[in-house]
């Protein structure tokens, strides 16, 4: 019964936001509360919700100060030279801009953190999309697809969870996946080409100069004399993120404080800069805490466990020898409907144990489980996706509708490549 309620809750939630009946923020709060009450968990509801919000508090704090930090960097003109370089290359061609978005996203994604990837990519590319009148859903979609493929690098979250859950080594899981990952990269570039070609057909090639657009209000905020300082500060921040020098919220809080103090030493200026980015920060962070309500109820009611076991039980014994392929396919809905932690620590060991009865190595199941990551990033349970849509200025539901077929296509392409090369067996 819990499993059925869990699936119905997810379906209702998806319908409400994709049909624009409710905003994602309201749906994340109201829908799980209603279903928890129907399930008879009214007495424990408060504790579940607070636990969910508490679990996501560090993420919310990190995103708040990350938005403020990169907002200061944009105001100061840190990304202006990069935008000028990109402009000189793309020459007002939407196709080149779309492909450039894919390449930039996947390059930055090497740091293993989706938040910084979206921050830098959107900060660099959004002005170009605005100047040419390109569809921002193309920007958000390509950025998410690129991040989805690169999300399986060893220092990213999913692969680390697989290694910990199944007690495996990087050489057993990630190294064999590299050819499939390359296939995914080529697919994302191909998708960017297709979407860019559509935008070129709609808009044409537009003649623009090679300098970032001049906004009279933005000019006084530029800090060309501090360009190198801001660049070094950002590089140091990225290095600290990769090496986990300090917790992410602390790193972004510290970097923001230093950036604001150096670039805008006047207290009134500091207040204006914070106010200028407060709206964007509020939109994203409120969504994260609302997602905490959703995940808290999903976990606290044990709906997520019931959903996992019911899905695993649907796999017939006759399909046992094909578990690697089945795992690759079901990793899409599994990681969409539940968090990576729930899937990789709760469901994956069960699948791996079942596969061992058919002589299938746990490493093969681990590799297969990572192929659904491009779809996972469309889940309402992924905080960084709210940052992406917030910065790009698109609705969560529209982003899902626009990107879902391309995300599923990414998983299919990577799975076919994995089968052909022998990374996973049929």
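The backbone N, Cα and C atoms fix where each Cβ goes, glycine too.
Features as listed in Swiss-Prot:
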TRANSMEM  1-21  transmembrane segment
TRANSMEM  22-42  transmembrane segment
TRANSMEM  59-79  transmembrane segment
TRANSMEM  86-106  transmembrane segment
TRANSMEM  137-157  transmembrane segment
TRANSMEM  176-196  transmembrane segment
TRANSMEM  232-252  transmembrane segment
TRANSMEM  278-298  transmembrane segment
TRANSMEM  318-338  transmembrane segment
TRANSMEM  343-363  transmembrane segment
TRANSMEM  377-397  transmembrane segment
TRANSMEM  406-426  transmembrane segment
Contacting positions for the transmembrane segment (86-106) when only residues 6+ beyond its ends and CB under 8 Å are counted: 117, 120-121, 124-125, 128-129, 132, 134, 138-139, 142-143, 145-147, 149-150, 185, 188-189, 191-193, 195-197, 199-200, 202-203, 205-212
The transmembrane segment (377-397) versus listed stretches 22-42, 59-79, 137-157, 232-252, 406-426: most Cβ pairs under 8 Å: 137-157
Top Cβ-contact partner of the transmembrane segment (406-426) among 1-21, 22-42, 137-157, 278-298, 343-363 (pairs under 8 Å): 137-157
Leading contact stretch, 176-196, 232-252, 278-298, 343-363 vs the transmembrane segment (1-21) - CB distance under 8 Å: 278-298
Outside the transmembrane segment (278-298), six or more residues from its ends: residues with CB under 8 Å to it: 6, 9, 13, 24-25, 28-29, 31-33, 35-36, 41, 45, 48-57, 59-60, 63-64, 67-68, 71, 304, 338-339, 380-381, 383, 386-387, 390-391, 396
Surrounding residues of the transmembrane segment (343-363) on its own chain - C-beta under 8 Å, 6+ positions past either end: 158, 161-162, 164-166, 168, 172-173, 176, 304-305, 308-309, 311-312, 315, 320-321, 323-324, 327, 331, 334-335, 369, 425
Positions whose Cβ lies under 8 angstroms from the transmembrane segment (137-157), at least six residues beyond its ends: 98, 101-102, 105-106, 109-110, 112-114, 117-118, 121-122, 125-126, 129, 163, 170, 174, 177, 181, 184-185, 187-188, 191-192, 195-196, 199, 242, 340, 370, 373-378, 385, 388-389, 392, 394, 398-399, 402-403, 406-407, 410, 414
